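Database features (Swiss-Prot):
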- 1-27: region 'Disordered' (REGION)
- 1-23: compositional bias 'Polar residues' (COMPBIAS)
- 54: active site (ACT_SITE)
- 127: active site (ACT_SITE)
- 337: heme binding site (BINDING)
- 372-397: region 'Disordered' (REGION)
């Protein structure tokens, strides 16, 4: 007789898991069959809400090893010495697709890393591109609505996509990247990752710098052409997920080098554009890459739901020595991500094994749905108190910085949406430009209103006249004389 007994969720042995309890062989099923009721009820509740963005994803465990001394820039403990290793979990994803969507579509890829440090978890929640479509979080719900399905037809709507982009010229840099060869990575292993936003590092003396993160793939950058990507999407929609899993399973561990760009605090006041604008990159001639360490992925998840689906990341998950910047998009994400996790996974999502800090969590938060640890036990549950409860550590406060201005709804004061998009276009080879234009033309052909196409062409033209002319020719449309 097997010692591996099937049990109910409350631990009692199950006598029959093949036949419902009925009144005779042909009689009705009995409500007293509590095992049947529990089994069906749990099945009805197996799904949690799908992520509103980045729903389709793959993940892996690994480690980060420091390869260069950066202690003069940050006091973060996990970066404190060369050779130090920190365990991590990463989740890659597409942005717009649903859980069952194809991997090889034209879409930015999420690149979210959770470091399990001795000072708590630290998340870098970025993409495989260094910029984004918008720079103020107030526009994010509208932007994502255009990327998702039309509420009337339940179909993707190219008119909505290009209408929004053409009315949001700050998107041009990211649109150019998306429509280029880089828009469809060959695999998750063959793409770079970026923190995208500007962050602040502070050292033990309280001295700060602005930084940007760059993860450079050691596998080399490889992309898919449109026809190959479409073929794979039809034959194996989980191609990227499968490739990552198989590579790690076969011992072919993917790795990335982490670099930072470092900007002195005072340069933010004089740089030629706002360094907190996530639609722009910092020139590497001005702020060269400095190596920090190496990330290696060497272990697959044991259970997709428990680890990849329930993993939660937020740019607000910070550790001492690393702070945020005034980037408006980043500031909105500080709220939105944690709030999304509270809705999707629950108020105590950070206590789940995949999200739980490796050091002791010590605070006065109590109760809430699915509180499954000791809930603080019998310890003091308020602060201040006279019973030896946990105390704040003033030395770990976020670094102070001066602010000024009038409280108002204010746009960014830099309106050059075209220089960097044009620079990127001119950096491309002739073949790369041809494919870029073909991708844009094919994506814009279904747009219903000609005025939307003309408006977008004008943006391309302002970035580079050749860029605009070639798109216009592909669509059979004129260039505005005043462009």
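Glycine residues also receive a Cβ, built from the backbone N, Cα and C atoms like all the rest.
Shown here: features listed in Swiss-Prot, placed on the structure.
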{"residue": "54", "record": "active site", "DSSP (3 states)": "coil"}
{"residue": "127", "record": "active site", "DSSP (3 states)": "strand"}
{"residue": "337", "record": "heme binding site", "DSSP (3 states)": "helix"}
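Annotated pair residue 127 (active site) and the residue listed as 'heme binding site', C-alpha to C-alpha distance, rounded: 15 Å. For residue 127 (active site), the count of additional Cβ atoms within 10 Å of its Cβ stands at 23 [all protein chains shown]. If you take the C-beta of residue 54 (active site) and look for same-chain residues 6 or more apart in sequence within under 8 angstroms, you find 91, 93, 94, 95, 110, 112. Within 10 Å of the Cβ of residue 337 (heme binding site) there are 19 other Cβ atoms, across all protein chains.
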